[in-house]
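Everything below concerns the one structure shown next.
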Amino acid sequence: MIHTKTGSGRRILTFPTVEPSESISIVTLLDSLIQLAGDILTFKSKHFSTNKQSFRETLRRIQNLLVVFEEIRIRIRNSRRYFHDSAAASSLKEIHVGFQKLKFLLEDCTRDGARLCMMMNSDQVSDHLRVLTRSISTSLSAFPVASVDLTTEVNELIDLVVRQARKYGVQPETNDKRAVSSINRILALFVNRVVPDPDEINRILDHVGIRKWGDCVKEINFLGEEIDAERLDEKKKKSSDQVELLSSLMGFICYCRCIILGRIERDDHHNHHEDGIKKDHDLIRGLKVEDLLCPISLEIMTDPVVIETGHTYDRSSITKWFGSGNITCPITGKILTSTELVDNVSVRQVIRKHCKTNGIVLAGISRRRKSHDDVVPESLAAKGAGKLIAKFLTSELINGGEEMIYRAVREIRVQTKTSSFNRSCLVKAGAVTPLLKLLSSVDIRIQENAMAGILNLSKHVTGKSKIAGEGLKILVEILNEGAKTETRLYSASALFYLSSVEDYSRLIGENPDAIPGLMNIVKGDDYGDSAKRSALLAVMGLLMQSDNHWRVLAAGAVPILLDLLRSGEISGGLTADCLATLAKLAEYPDGTIGVIRRGGLKLAVKILSSSEDSPVAVKQHCVGLILNLCLNGGRDVVGVLVKNSLVMGSLYTVLSNGEYGGSKKASALIRMIHEFQERKTGSVEPNLQRGRFVHAW
C-alpha cells in the first residue's frame, strides 16, 4: 500500500504528494487508488466553505471512478496471465497523484478554523479544482481500456467522466463572490468604525458554516497561525499584504464572536472553554510544573533547548551561562565538548499546553517568533473592529442583564489576556469603572472574570492609573474575601502590576489589609506553590518602596518565610523566591535582626551548603541573604561563617557559576571572611544598634 502525507503541519493550498514507485504493481496501485477514492468520498457529508456545487459534482465523478477502478482490479486479478502495461501504469500513477492533491484540497475546504480564509480564497480554490479535475480526466482518457476486458457499462462510465470534465469546467460560484464582496464591504465599514448590518454578517456566517462561539475560536487560532507563518516566510515579497488581509479577517471574526454570536448562544462559549480545559488537563495529567522550569532561572521556559548532556534549559539562560565563560553543564558540572543548542520541540508543546490550561501568559513562548496576540493589528479594519468590540462590551457591562454581563466579562477576560491593543481599546472605552463595580457581584462567575479582566488591564499604563484611582480598596477586599481562590490570586497579581508604580506601591502599603492579605496566601495551606509565588512577587514589588519595609515585617513575613523554607516541602522556585524576599528584608537592620533572631542565618548556611543539585537561583539568593546579614550584622555574623568549614567551599562553587550564581556577592562574602581571618583581632562590637543585640546563630 502507498502511504501519503497527512495534512498535519501542512499550509493550506499546498499539496505535498508522494510519487508511486516505478516498480509498483498494477494491483497494488489500484488498491491504493481505491483507498484514496474511499477517503475522498468521506467528504460528501462535510460542509464546504466555498465552491460547494463544484465539489459536489467532483465527488460524484470520484464515485464513478471508484466503480471503474474496482472493476479493473477484478478483471486483472481474474486474468490468468501477468498483467503489465506501461501506459496503464503511467495513467494510474498520474491519477494517484491527482487524487492525493484533491484530498488535500478537500481537507482545506472543510477544515475547522479555515472556513473564512478558504472562502476569501475561493477563486484560487476553483483554479486548483479545475486543474485537478482536468488532469485526472486527461490521465483517465490515456488509460488503454483495450488492454483490459472491461464491460460496456464500465467503458461508458469512463467516457462519461472524461466528457463531463471537459464540458463542465470549474468556475467561481456566484454565492462565493457575493460573500467575498460582503466581507470586503464590512471591512471597509470597520475602517471607519461604522457598525455593519448584523443580518449581512449572519448570511456570511451561514454560508461558510460558522455558527458557534467555539467555531470563531478555531478561526481566530488558525488565522493567528497563518499570520505567524507569513511573517516567517522571508521568501514572499508581498507577505505584508497577506498579513494585512489575515489581520482584517481576524478582526471580523472577533467581532462576530463578541457581538453577533454572543447574542445567539447562551453559555456556549463557557462550555466550549470548559471542555477545552478538560481536554488539556487530560493531556497533561500527572505533569509537574517543576519539570517545565529552567534549572538556571527557575522560571517556566519560553524557548527550551537541549545541550550535549541531554538536559533542557531556557535558551536565553543557557546562552548567558555560556557567555560568562562557563563550558560545563549547570546541573551535572560535566565539561562540555560542544555548546550547540537543539530545540526541544516536545517540551515547548507541553509548556504551551500547560500555559493554556492554567491561564499563564509568558513573555513569548519562543524568542524567535512573536505571538499574533501580542502585537497591534496590522490593518485598519482590525483596529476599527477592535474599537467597536470594546465599545459594545463596555455597554453590555453597564446596561446588560446578568447573563449579558457574564458573557461580556468573560469576553473581556479573553480579549485582554495577551493583547495590549485590546487592553488599550477597553481602557479608552471606559471598561475599568464598571468592571471594578462588578467585583462586588454576588455571582461568583462574574466576580472571577471581572477580576481577571482587571488583572489584564492593570498591565496597561492608563489602566493602572484608573484602577489605582478608583479600585485599590475593592482589590484588597477581593484579595482577602474573594469568593474563589482564583479570584483572590488574580487580585494579588493585579496588586503586583500596580506596585511597579512608586505612588501606587505606597498607596497599597498604606491599606492595612493589603500586605497581611498577601502573606495569608503565602502561609495558607489551601494555596499551591504557584499561588504562593504570585503573592510573594507582589510583596517583592511593594518592597521596592522603602516605606513598605516595616509593614511587611509587621505582617510576619520573616517567620512565615522561614517556616516555609524549613518545611522542605516546597519547590525550588518557591525556595528561591522566599530567599529573595528575605534578602530584600535583610537590607535593613530591622530585617536583619528579625531573620537572625529566628535562626535564619543558620538555615541560610544550611541551604547554601546543601547538595550541589540545588537550583542555581536558590544558591544565588541564599548568598544575597547571607551577604546582607553580614553587612548589617557585622563581625559577629561573619565570625559564625568562619566557624563553618563548609561555607567557603560552597561560596567558591557559587563563584564558579558566573553571573547566574551571584558571583559578585559570593566574591564579597569570601573577601569579608578572609579579612576577618587575617585581622585575628579580639571581639569587635557588631554594627547592630545597642540594646538590640541578638545571637547570630
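Including glycine, each Cβ sits where the backbone N, Cα and C put it.
According to Swiss-Prot, the domain 'U-box' annotation covers 287-361.
In this model, the repeat 'ARM 1' (420-459) carries an average pLDDT of 95. Positions annotated as repeat 'ARM 1' by Swiss-Prot: 420-459.
Within the same chain, residues 423-424, 427-428, 432-433, 436, 439-440, 444, 447-448, 451-452, 454-455, 507-508, 511, 513-514, 517-518, 520-521, 526-527, 531, 534-535, 537-538, 541-542, 544-545 sit at least 6 positions outside the repeat 'ARM 2' (461-500) and bring their C-beta atoms closer than 8 Å to a C-beta of that stretch. According to Swiss-Prot, the repeat 'ARM 2' annotation covers 461-500.
The repeat 'ARM 3' annotation in Swiss-Prot covers 502-544 and rests on sequence analysis.
Among the features that Swiss-Prot reports, repeat 'ARM 4' is placed at 546-587. Same-chain residues lying 6+ beyond the ends of the repeat 'ARM 4' (546-587) with a Cβ under 8 Å from its Cβ atoms: 289-290, 293, 298-299, 505-506, 508-509, 515-516, 518-519, 522-523, 529, 532-533, 536-537, 539-540, 594-595, 598-600, 603-604, 607, 614-615, 617-618, 620-622, 624-625, 627-629, 632.
What Swiss-Prot lists as repeat 'ARM 5' is 589-631, and the listing cites sequence analysis. Residues of the repeat 'ARM 5' (589-631) grouped by DSSP class, helix first, strand second and coil last, total 34 helix, 0 strand, 9 coil.
The annotation repeat 'ARM 6' is assigned in Swiss-Prot to 657-696.
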